[in-house]
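Quick look at what TrEMBL annotates:
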- A:487-619: domain 'UspA' (DOMAIN)
- A:12-35: transmembrane segment (TRANSMEM)
- A:41-64: transmembrane segment (TRANSMEM)
- A:85-110: transmembrane segment (TRANSMEM)
- A:130-148: transmembrane segment (TRANSMEM)
- A:160-179: transmembrane segment (TRANSMEM)
- A:199-220: transmembrane segment (TRANSMEM)
- A:232-256: transmembrane segment (TRANSMEM)
- A:290-317: transmembrane segment (TRANSMEM)
- A:338-357: transmembrane segment (TRANSMEM)
- A:363-386: transmembrane segment (TRANSMEM)
- A:398-420: transmembrane segment (TRANSMEM)
- A:426-443: transmembrane segment (TRANSMEM)
Amino acid sequence: MSDEELAKDLGLVSAMTIGIGTMIGAGIFVLPGVAVNADGGAGPIVVVSFVVGGVIAMVNALSVSELGTAMPKAGGGYYYINKSLGPMFGSIAGMGDWMGLAFASAFYSIGFGQYLAVFVDLPTIPGLNAIQVGALVAGAVFIGVNYVGAKETGGVQTVIVGLLLSILAVFSVAGFFSFDYATLAGNEGGLAPGGYGAILPGTALVFVSFLGYAKIATVAEELKNPGRNLPIAIIGSVGIVTVIYAILVTTMLGVVPWPELSQDAPVAQAARVAFPESIGPVTGVAGGAAAVMTVGALLATASSANASILASARINFAMGRDKIVTNWLNQIHPNYATPYRSILVTGGLIVVFIALLGRDIEILSKAASVLHLIVYALMNVGLIVFREADVPEYDPDFTVPFYPLTPILGAVLSLGLVAFMDGIEIALSGAFVVAAVAWYFVYARNKTDKQGLLSEHIRSRESELPDQVVGAADAVAPNGTGDEGPTIMVAVSNPRTESALITLAGAIAQHEGGRVLATHIVTVPDQTSLETAAENRSGLDQSSEELLAAAAADAEAFDVPIETKTILSHRGIEEVFDAARTNAADTVVMGYGGTRFAGGRVEGSLDELTHDLPCDFLVLDGQRLDLSDVLVPTAGGPSSDLSAEVARALRETVGVDVSLLYVADSGEEESGREFLSGWADGHGLGDATLRIETGDVERTIGRLGEEYDLVIVGATERGLLSRIVRGSLAFETIESLDTPVLLSERPSSRSLRERLFGER
Amino acid sequence: MTSTDETGGQDLLGHVLLPVAHEEDALATARALEPYDPERVTALHVVEKGGGVPDKTPVEQSEELAAESYAAVRTVFPDADEHTAYARDIVGAIFDAAEKVDASAVAYRSRGGNRLMQFLSGDISLKLVTNAPLPVVALPRVDDEE
């Protein structure tokens, strides 16, 4: 494990197991009897319903694979949607995923109860039938197991799935020998007694059998080699499960005539018929086979429910991370190390669903499907947004074929299938969607600071798009970022430079009436194993808390609000960019060391990142600031505008003397002086000392810089920062200068930046 | 990272490996160790892995937990080192870490709970003392400020 990240320990088989284990319980063991008899009898045509369900699942599986390899993060569908479509749709997706899983778990528990009733005489309680009682007991056990996090259950999962597949294989072989085409097709009405129109309603009913592949994506961060394993596991498990369903349902219907197929325990019934009563001297084979099938059904429904409860905790965590729900939900139990509150809340929902809706398994299964289908549809739209917005961070290892056809088809099919559900499930799901939107406006909107790519995209094209669209985007935008005044983000990493960086940020924030956000980004480079990184981390920085406390203390010198944040990240400088984006920073102040810390990494996206600055960047080379006079060399340009702003801020808050420098070609001193005084007036620095020199620009700055306490150098071209980061900038004169140097770079298209991150 | 103790491993508290589970536990454990004035302390957090199945908590959350725990230990031992391990077998991981950082002893504080709870969550105390390749110090449980 030396070179791998130690946190990643799920291989391809484990990942497949999660998908297949979640899906297979429902389709085979619970639904066939219900589906063939639905709506007065759909008949054997339901096999086609299963296949259609598989096709819809497959189209979505392709999209999930792309999104999952681009962002292997806990949370899956919710995370992608929140990131692309913003927190309002994120709330819908998170709530939909969560409630969908609770409905699905209730459904699996009912399935468990149905097979349990074959073995045990379950009592009835007023208001609850025997199956519901069994389901409630089962549900309580699943919740309890997840609450204590008994890890032994996890290890059994692989065994269970292996066992299930073997049981089903034996069953299909036995079924093959007792298969009778007349049994399949010879009933009244032939293969499609309900007509071909029964196919899609059938798919709507059985689609719950395919809710499982997306759970692989919720644990993507734990997969080894996710770029390869994630798509194979997701697409593979959907493919395998579809084939199994088609074969086994056909077999079942060729063994037991469909009108007689049990609605509660169809597989046990079919096994009783398919297996001979005795093989040689051994009698009771059929009964034994039925018993084995029943055990298989219990295992299958249990593993489905188990996986769903676990997945819902992941979604809660991701929502808590984005502050859509309170993090109270995600507290970890002190002894069991499980997210126990999340499990209990989900468990409570499951119990309520079983008790209130458990009499009709169709409602549970369809409600679960509708909610998931809404999430899938949003996810496909999100994928299109990611592609169209063309963000450099979005770099999936797997891409869907036939873009944009596949995601469009996925969204259309998902929503189309919803239309074949019944009114009650649609109403129920609609209520949850409305509740999610209400939740967003009442609670989450004021907490979350994440803005979706879509609204960034819309707001960045304010002038090109109709007012209504921009207005709508504004109306739903999160308030978490909506402060007056700019945000000056400081990336502190070194206690020695912390004070200097905060001084600069504080001065700018006070001058512009903004706030300071001090972040400490603890980087864990990818190449290093997490373990080694953790060791180095202790040597590298003092406790984050100490550092940020010092930052807060330093900022008190200025009359500005300060917020502090520690960010643990696998990425280095990219995280600075990401943090700047998510916190809607207007200016980032960081140390030269900070940029170099992540240097040496050869990463293609880095160039793109640094060429596409999210906001103004100020990089300080130097440790202490003792400011009384500063030198600003200028030749015009957007970055020297930024230099001027910083100089002005320092003059007005700290009271420094500002000198401006223009290095002219010899003989052109006069026009140089004219330019400089014009420039000074234009930037509110008319009273600054003007210095005109001739000679080599760098050497002149180096020579004069010695006389000052700080030199503010604007980037003369795009990509200055990129070159510092990669260490290819030959700024020797300036680097060897004892005076601290502040490098400033402003993104060249200022207006775009303003619209993206600045004014509303 | 590694340094041989001048006492040649004779000093029991020369370099103590301190396994901690979460912030509160870390604080209590560090305080319990404080009176014995160890020379050097390395805080250890073992992220419990599923080993082939999904973990109980997302990795990101586990790592946050680790960072909080280390910070808590540092409020008592400001110079404490930190070490994060990822394993399904927690006790094994503790001893591996002890070897890696060259610790002189492991100091831990039992997290209590009745027999059933200990059994369900895997009785770490028992395994820790029965399989120990180096001295294991059980710190007293002081329940005054919990």
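The backbone N, Cα and C atoms fix where each Cβ goes, glycine too.
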In the predicted model, what is the mean pLDDT computed over the domain 'UspA' (A:487-619)?
69
Is the transmembrane segment (A:290-317) in contact with the transmembrane segment (A:363-386), using three or more Cβ pairs under 8 angstroms as the rule and ignoring pairs under 6 apart in sequence?
no
Are the transmembrane segment (A:290-317) and the transmembrane segment (A:41-64) close enough that 3 or more Cβ pairs fall under 8 Å, when only pairs 6 or more apart in sequence count?
no
For the transmembrane segment (A:338-357), the distant same-chain contacts (Cβ-Cβ under 8 Å, at least six residues beyond its ends) come to 98-99, 101-103, 105-106, 109-110, 127-128, 132, 135-136, 139-140, 142-143, 146-149, 309, 312-313, 316-317, 328-332, 363-364, 367
Any contact between the transmembrane segment (A:12-35) and the transmembrane segment (A:130-148), i.e. 3 or more CB pairs below 8 Å with pairs at least 6 residues apart?
no
Residue list, the transmembrane segment (A:232-256) vs rest of chain: Cβ under 8 Å, 6 or more residues beyond ends.
12, 15-16, 18-20, 23-24, 27-28, 32, 36, 44, 46-47, 50-51, 53-55, 57-58, 61-62, 64-65, 68, 168, 171-172, 175-176, 178-181, 183-184, 209-210, 212-214, 216-217, 223, 266-267, 269-270, 273-274
Who are the chain neighbours of the transmembrane segment (A:85-110) in space, where the CB to CB distance is under 8 Å and they lie at least 6 residues beyond its ends?
25-26, 30, 76-78, 131-132, 135-136, 138-139, 142, 208, 211, 301-302, 304-305, 308-309, 311-312, 315-316, 318-319, 322, 324-325, 346, 349-350, 353-354, 357-358, 361, 364-365, 367-372, 374-375, 378-379, 381-382, 385, 429, 432-433, 435-437, 439-440, 444-445, 448, 450-455, 476-478
